[in-house]
Amino acid sequence: MLACQHLFIREQVLLRGRAPWGFTLRGGTEHREPLLITKVEEGSVAAAVRLQAGDEMVSVNTVTLSGSRQEAICLVKSSHNSLALVVRRWDVQPCSRS
Amino acid sequence: ICSDNCHMLQKTGVLQQWQDHIGKSCNQTPKGRLTLDKLTFTAWCNSHLRKAGTQIENIEEDFRNGLKLMLLLEVISGERLPKPDRGKMRFHKIANVNKALDFITSKGVKLVSIGAEEIVDGNVKMTLGMIWTIILRFAIQDISVEETSAKEGLLLWCQRKTAPYRNVNVQNFHVSWKDGLAFCALIHRHRPDLIDYSKLNKDDPLGNLNLAFDIAEKHLDIPKMLDAEDIINTPKPDERAIMTYVSCFYHAFAGAEQAETAANRICKVLGVNQENEKLMEEYERLASELLEWIRRTTPWLENRTPEKTMVEMQRKLEDFRDYRRMHKPPKVQEKCQLEISFNTLQTKLRISNRPAFMPSEGKMVSDIASAWQGLEQAEKGYEEWLLTEIRRLERLDHLAEKFRQKATNHETWASGKEYLLSQKDYESATLTEVRALLRKHEAFESDLAAHQDRVEQIAAIAQELNELDYHDVAGVNKRCQSICDLWDRLGTLTQKRREALERTEKLLETIDQLFLEFAKRSAPFNNWMEGAMEDLQDMFIVHTIEEVQSLIAAHEQFKATLPEADGERQAIMGIHNEVQKISQSYGIKANIVNPYSTITIEELLNKWDKVKKLVPQRDGALQEEMARQHAHERLRRQFAAQANLIGPWIQTRMEEIGRCSLELGGTLEDQMTQLKQCEHVIVAYKPNIDKLEGDHQLIQESLVFDNKHTNYTMEHIRVGWELLLTTIARTINEIETQILTRDAKGISQQQMNEFRSSFNHFDRKKNGAMDTDDFRACLISMGYDLGEVEFARIMMLVDPNATGIVSFQSFIDFMTRETADTDTAEQVVASFRILATDKPYILVEELRRELPPDQAEYCIMRMPPYKGHGAPPGALDYTAFSTALYGESDL
């Protein structure tokens, strides 16, 4: 019987192109919520790098986020033709036979 | 003979007188008349009597006493007559004359009719006759010319002598002499230097005669006895006178001639003699020279003193060559010449009837021959010797060079070795160093052995040089000796060094063994001591009495091991002392360091002392600790009692609160009231906690951290208390929030209860929270079709901090969110769209137009610029703004 591991993973993605990148950011410390990606538009750059709804933004362009959405928005908007993101994702991975 | 007489006559002037007298009395009677014969006879007698120192003046008278007659006879004959009588009487005179006559008779002359008395009486004729007899007998008779004697002989002589003179013809003793040429011829024949015969003239008889008489008187010592005029004038001159005078010539010349002949013969003989003598001298001289040369040369050839160098020998050889080529050949000739001379001489001597030549001692032919032989032998030997010597020297040079080279090589090799071998480097060397030295020494020994035969070779060469008598053999021997001496010394030193090294090695090995032993034992001992020290100094943290007791027990056990340890210590000391003893007694100067161990005996002893000191210290410490532990125990009990009361009380309260929050009956407000009451109770209980804190502090100050009398630690209590406080607060807060939520979201109590029921159901553990699996199950039960991604998203929402649990509040939030009617953000967006007349962007004037100024400005400030196509400048993005407002931003 295959055991699965539920865990949070960190995913590093690099978006190349320009805004709009194609994802919706929600939450932030202003709302006392985690900073999450709630929507990823089909065919967008974000989709191309396989960003997913539910990913939590951890850092933008190597800047670790404090959790403020305004900060995150500023950082994203300051990107020109590439956007490096680190997100945290709830993942399911199979592990070895036990 | 006559010249004395002439002198005498001249001196007295008697001659002149006499001549005058003769001139006057030439025609006188016989008695007293000076006839030629008287003149001549007188002159003749005087020529003899002057030898006796007397003269006669009157021939008729002076012989009368017979004394002068006897004298005359003595002078003429050279014999002594009997002593004359010295008397004046007649008979004396007669006796004397008789003696004279007897003497004449004894000479073989017959005296006819001449008697002594007549003479004494002065008979002139008789006297003259007697004188003539005497003259005849003593001056003429003995003339012998080729077996013709006396008168004939004299005549023959004259003829012989005058034969070469054509104008002279001597036939007699009277007329042949008249022209005087005969006299001149006679003189000229014998003494051509006295007369120039060619100038004479036959027609000058007077001149010729006088010339002859003068010359005879002056040069021939013949006194004048004849008168020239008398001769010329007399047709037949007195034969006797002329004979007498001519006999004087004969005696003068013949004597001279005889003398000349004799002299010639003598000269001839002498000449021969002289020649022979010269030859002999020559021979002697040559012989001497040759012998001298041989004498000089032979030693040179026999000299076998060898020269020192080849060059000198070669020079000698060169000299020898020169000798053979240049010096000897003339000598060979000389020898030959000598032999020839000798033979010639001998022959000459033999021919001339002389005795054979006897060379002086040592110069005999045999001597020369033997000397020459000696020379040649020496020569032969010499050349051979030279060549042998040169070869020998060549060989010697070669050998000497060989010797030098080998000796130098050997000396170079040997230099410094003596010093090295004498080094006492092993005294301060370690065992490995000594072993290395031994290896090195072994190598040296084999090197030495290899040199043995080289030394022998050197000695052999030296020996040969000695045998061959090398000139500097002393130097060679000295060097060889020093090499051999050094060799012996090296041998001895090598042996000694080997022994010393081996001995040192053994000692060092022994020491090494001891060191090893020391190391083996001292290390564990040291460790043991260090461990012991550590243990003894160990800062024990004990929390129980039992622990102290066990420490004390351990300590006692330890103490029991001390005697054994001490034994070990002594053993180790013993080893150390052993090492000291060995190194001292064998004078090992090396810094004896134990290579196996860095532990010194001093360290060990120090530690031991420390250990000994620490033991009682520990005893004390342990006892102290024991006391403390007892004290602690008391504290513990005290705390425990208290905690055991408080713990459960808190638990009870927690349960109460849990129950309260889980209850479904009643309103939230009722729950709230209950909770508030509970809170009040809790707060009132605080002093108990404080007291416990107090006890805890005591305990903690005593550093007691455990308490078996209670399972509750202060932290437990504290945490529990705080948890209680927070739980009550949170629960109250939860209820408050639920009330708010309910009010805000319009959730009915029923809904709330439903949520609560679900939550409780899936809260398997009943701890007011769901874990992720519970939550998933819950969602599924509520009809959510969850993919992994979806679920992850949801988890992200409900458990943002990834705690792994979902609280009821989160759950409610999630649930209420999900069931909200419309997304407020979209509503706002829709509203803005209306204001923007369906444009995706809004303009500033539109905002200002439609909204109250404050909000309009707020929007203008906050709205990001619109980045779409066909947007005028200043267009604002109301969508992004709205989503941002409601917690969403599209990026």
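Using N, Cα and C of the backbone, Cβ positions are placed for all residues, glycine too.
Annotations in TrEMBL come from automatic prediction, not curation.
It should be emphasised that the depicted structure is a prediction, and the values quoted were computed from it without experimental measurement.
According to TrEMBL, the protein has these features:
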- B:35-139: domain 'Calponin-homology (CH)' (DOMAIN)
- B:148-254: domain 'Calponin-homology (CH)' (DOMAIN)
- B:269-296: coiled coil (COILED)
- B:434-468: coiled coil (COILED)
- B:750-785: domain 'EF-hand' (DOMAIN)
- B:786-821: domain 'EF-hand' (DOMAIN)
Residues outside the domain 'EF-hand' (B:786-821) whose C-beta sits under 8 Å from one of its C-beta atoms, at least 6 past its ends, are 661, 734, 737-738, 741, 745, 747, 752, 755-756, 759, 768-772, 774-776, 778-780
Averaging the pLDDT values of the domain 'Calponin-homology (CH)' (B:148-254) gives 88
Quick test of the contact rule: Cβ under 8 Å, at least six residues beyond the ends. What residues does that give for the coiled coil (B:269-296)? 331, 334-335, 337-338, 341-342, 344-345, 348-349, 352, 354, 357, 359-360, 362-363, 367-368, 371-372, 374-375
Count the residues of the domain 'EF-hand' (B:786-821) that DSSP assigns to helix (H, G, I), to strand (E, B) and to coil, and report the three numbers in that order. 22 helix, 3 strand, 11 coil
For the domain 'Calponin-homology (CH)' (B:148-254), jot down how many residues DSSP puts in helix, in strand and in coil. 66 helix, 2 strand, 39 coil
Please spell out the DSSP helix, strand and coil residue counts for the domain 'Calponin-homology (CH)' (B:35-139). 67 helix, 0 strand, 38 coil
